[in-house]
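**Q** Structure below; questions to follow.
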Amino acid sequence: MAPKKPEPKKEAAKPAPAPAPAPAPAPAPAPEAPKEPAFDPKSVKIDFTADQIEEFKEAFSLFDRTPTGEMKITYGQCGDVLRALGQNPTNAEVLRVLGKPKPEEMNVKMLDFETFLPILQHISRNKEQGTYEDFVEGLRVFDKESNGTVMGAELRHVLATLGEKMTEAEVEQLLAGQEDANGCINYEAFVKHIMSG
């Protein structure tokens, strides 16, 4: 018989080292705000009547400062024309529909009426625009005596420091002739004045 080979010694199984505690899960990244798709004027269906379009074209032409009357306005004038036509977009909304131009482009880039019309249609469909009642209600908060007026100085401060801040010159232009002898402003009349253009 063949001699038995000694069996190799089996090492005693060492206990596995205790697993390190799992690191705390990384905090989930903050969800990104959904990006609004870029505004595409070609995708806007125009619902205005021929008479309305003619009226809009006439108003648009009043803002045309090109030497030869090319029916073009600067990007910087777009919000003014929209407001002159009874719309009330925020500056941010105007910039969005213009493709978020750089500040230095606002008085250089031009917009023709055919490009402006879909912008006007889009803005006019926006239901988030403030109404007369919304603005009056917002100003009523500052009517400490419940007499239909707000202090002109307080309104100046609010317009220059909150929301879409206005420059001092813009505030003065807006409030020109609105204050009474006591420095108060009848806010219902003020809102009517602003919304009438």
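Heads up, residue numbers simply count up from 1 along the chain you see.
Cβ coordinates come from backbone N, Cα and C, glycine included.
Not measured: the values here are computed from a predicted model.
So Swiss-Prot has the following annotated:
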COMPBIAS  1-13  compositional bias 'Basic and acidic residues'
REGION    1-42  region 'Disordered'
MOD_RES   Ala2  N,N,N-trimethylalanine
COMPBIAS  16-32  compositional bias 'Pro residues'
COMPBIAS  33-42  compositional bias 'Basic and acidic residues'
DOMAIN    51-88  domain 'EF-hand 1'
DOMAIN    130-165  domain 'EF-hand 2'
**Q** Please spell out the DSSP helix, strand and coil residue counts for the domain 'EF-hand 2' (130-165).
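**A** Looking at the domain 'EF-hand 2' (130-165) with DSSP, the answer is 19 helix, 3 strand, 14 coil.
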**Q** Treating G and I as helix alongside H, and B as strand alongside E, what does DSSP give for the domain 'EF-hand 1' (51-88) in helix, strand and coil?
**A** 23 helix, 3 strand, 12 coil
**Q** Taking residues 6+ outside the domain 'EF-hand 1' (51-88), which of them lie with a CB under 8 Å of any CB in it?
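**A** For the domain 'EF-hand 1' (51-88), the sequence-distant neighbours (Cβ-Cβ under 8 Å, at least 6 residues beyond its ends) are 94, 97-98, 101, 105-113, 116-117, 119-120, 123-124, 129-130, 195, 197.
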**Q** On the 0 to 100 pLDDT scale, where does the domain 'EF-hand 1' (51-88) sit on average?
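**A** Overall, the domain 'EF-hand 1' (51-88) comes to a mean pLDDT of 92.
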